[in-house]
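Below is one structure, written out as structure tokens; the observations come after it.
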């Protein structure tokens, strides 16, 4: 989409960017941060639980192997055993080191499959947003709200206002209502990109000529940041994503202004710009 179309949308940009002062920054990375960003969607909550389970299992395995290694080094050293053992078979031990790993893998696999199913199965959506990655910005379309369409570019450091985050803030945020199930149709217009918001547990590749599907349901109001997560060229690091989650009333007000500021796009469309209403199998 042409930049002049973007500049014509100053009214809505002002509405969303004004939220920096009035809207909490719900999720952003912090210096010296340890661990994952706080979960803000059902999928991310399940991801965090699975991550904690894996961390506990891995910790126990590492400690067990380290203790076993230390025991073997001391107990079976050449000084303690001048005559090497000729043991070549131990049925109980062999059964144990076969059965125990199988049990561990089952414990890991069951919640893993549940998480995969939840992340990939799209529930009944309250709204749909089409996302198109381009070098090096994002196009967004709201087919359920009058075909609102706009581009989202990074705000240059020299243009940042107080409270805005360097390398993360954009001129036009994605705006969604809180507790709404949002269906995303993700594609690209040139090379492969990837739309990702860590707090939502969402990362979906956008490929030219194809439409991939994912979803999220933001549980808290605020601003959530992400970035393109697929190397896509020189300015890959300058494709931030900002999603502003607001109340239903504020969202309706934003839609009313956006319909005026963002006129539906007309003219030629490439394969990646297929109508957002296309059903994805």
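Just so it is clear, glycine is given a Cβ too, placed from its N, Cα and C backbone atoms.
Remember, TrEMBL labels are computer predictions, not curated facts.
As recorded in TrEMBL, the features of this protein are as follows:
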- 28-123: domain 'Cytochrome oxidase subunit II transmembrane region profile' (DOMAIN)
- 124-257: domain 'Cytochrome oxidase subunit II copper A binding' (DOMAIN)
- 1-26: signal peptide (SIGNAL)
- 50-74: transmembrane segment (TRANSMEM)
- 95-117: transmembrane segment (TRANSMEM)
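Same-chain residues lying 6 or more positions outside the transmembrane segment (95-117) and placing a CB less than 8 Å from one of its CB atoms are 43, 46-47, 49-50, 53-54, 57, 61. On the 0 to 100 pLDDT scale, the domain 'Cytochrome oxidase subunit II copper A binding' (124-257) averages 94 in the predicted structure.
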